[in-house]
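What follows is one structure encoded as C-alpha cells, with my remarks underneath.
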Amino acid sequence: CAMDWQVLTRELSLYLENQVRVGFFGSGVGLSLVLGFGVAYACYYLNSIAKKPQLVASNDRFCRFLEEYCPVVTETYYPTIWCWEGRVQTLLRPFITSRPQVQYRNELLKTADGGQISLDWFDNNDSSYYPDASTRPTVLLLPGLTGTSRESYILHMIHQSETLGYRCVVFNNRGIAGEELLTPRTYCAANTEDLETVIHHVHSLHPSAPFMAAGVSMGGMLLLNYLGKTGRDTPLMAAAIFSAGWNVFESIASLEKPLNWLLFNYYLTTCLQSSISRHRQMLEKLCDMDLVMKARTIREFDKHFTSVMFGYRSVDDYYEDASPCRKLKSVGIPVLCLNSVDDVFSPSHAIPIETAKQNANVALVLTSCGGHIGFLEGIWPRKCTYMDRVFKQFVQAVFEHGNKICSM
C-alpha cells in the first residue's frame, strides 16, 4: 500500500510538472499572467511605494543647504521591491546588511560617580584627506537601546566616514559592551549626564577638530534630549538623528499591539534583561531583580527597573522626561532627523512636525517606507541603505560647508 502511494505521488507530480510546463506556459496563458502581474506590481510600486521623502524645515537657508549638499533627502527613495513594508524591513535589515570590518581602539572613561563608560575609537590614522589628527573631523556615534559598536548600522556609518577621512568614536552605554559596572547604574533615554561627559571628553582631546554626532533609535533620543537641554552651549557643530522615538507613550502603545509585541516588544524586553543579568549582584542594591526579570514588555521593564534606577516617581514620569518631542523647540544647532512613517517604534502621528516647523535649526526627512533603522534599497540591499547615504552626505556637508548653516 505504501509503495502504491509513492508511485501514485510520483506520477501525479510528473503529470502536474508537464501540464505547467507545456499546457500553462507553453500556451502563453501562464506567461501572460506572470507578465501581467509583474506589470501591475511595478505600476503599484512606482505609484504608491517609491516616493520622494517629505522634507519639513521652516528655514529656507537650511532647505537650500540640504538641496545642494545633501540631495539624497530630495530624491525619490526606492525601497527594496520585495520587502518594502516597515515591519519586514525592520526584521530583515540585521540579517541582510553586511558587517564591514572595523578595528577599534577601546578607552574606558571614568565618570564623576565612580563608574566607567566604554568608548570605541576608529582613529582613521591612514586618512589621506586629514593626515593631521588634531584637525581631523570627528563623528560621535550613539547606538540604539541595547546596541554597541558592533551593530551593522554603526559599522556602516564608520565605513562611510572612513572613505571621507573622518575619525569616529562610539559611545557604548554603561555595562553594554562587556565592561563591568563599577556602580549600580546603567542608562536611560532621559539622563544625559554620561553623554555630556563623553562629548566634553572627546572635544578636550581634539579641541581644534570639527565635531558632530549621530544617534540611532534610543541613541537619537538621548542625543535630542541632550541638545534640547544644552541649546547652543555644546561643542557639536550639528547632529544627525535616525529612527528616533519622538513620543515614548505613543511608541510604547504601538509596540504593545499584539503583532508588534510578538515581533518586537518581547524580544527587546529579553535583550534588556540579558544586558543587565550579568550585573545582577551590583544592581540588586537598587532594584528587585526577580521582578525585573519577570517583565514581558518594555513598559514592565521600565516600571520595575529604569524608572526606579533614575529616581522617577512612576514609569509615566520617566516616559514624559524621555520624549524628545518635548525638547525639540530648544535645540540650538542644525539637526537632520530621518524617520519612516511606517516605523512601528515611532508612529507617524507622533512625529512632531508642527514643533519642528517652529525651530529654524531642525529639518525632518520623512520617508513613506523604511521601518525602524531599515531603509533598505536595491534588489539585494547588502552594502548600503538609504540611511547610510543620508548619513554620509549630511556629515560631509556639515564638515565641508557647515559655515553656511552652523551660524543660523
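Using N, Cα and C of the backbone, Cβ positions are placed for all residues, glycine too.
Over in TrEMBL, the protein carries these features:
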type: TRANSMEM; residues: 22-46; note: transmembrane segment
type: DOMAIN; residues: 137-378; note: domain 'AB hydrolase-1'
type: ACT_SITE; residues: SER217; note: active site, charge relay system
type: ACT_SITE; residues: ASP343; note: active site, charge relay system
type: ACT_SITE; residues: HIS372; note: active site, charge relay system
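Sequence features annotated in TrEMBL and their locations in the structure.
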residue	record	Cβ within 10 Å
SER217	active site, charge relay system	26
ASP343	active site, charge relay system	28
HIS372	active site, charge relay system	26
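Annotated pair SER217 (active site, charge relay system) and ASP343 (active site, charge relay system), C-alpha to C-alpha distance, rounded: 11 Å. This prediction places the mean pLDDT of the domain 'AB hydrolase-1' (137-378) at 97.
A distance of 5 Å separates the Cα atom of ASP343 (active site, charge relay system) from that of HIS372 (active site, charge relay system).
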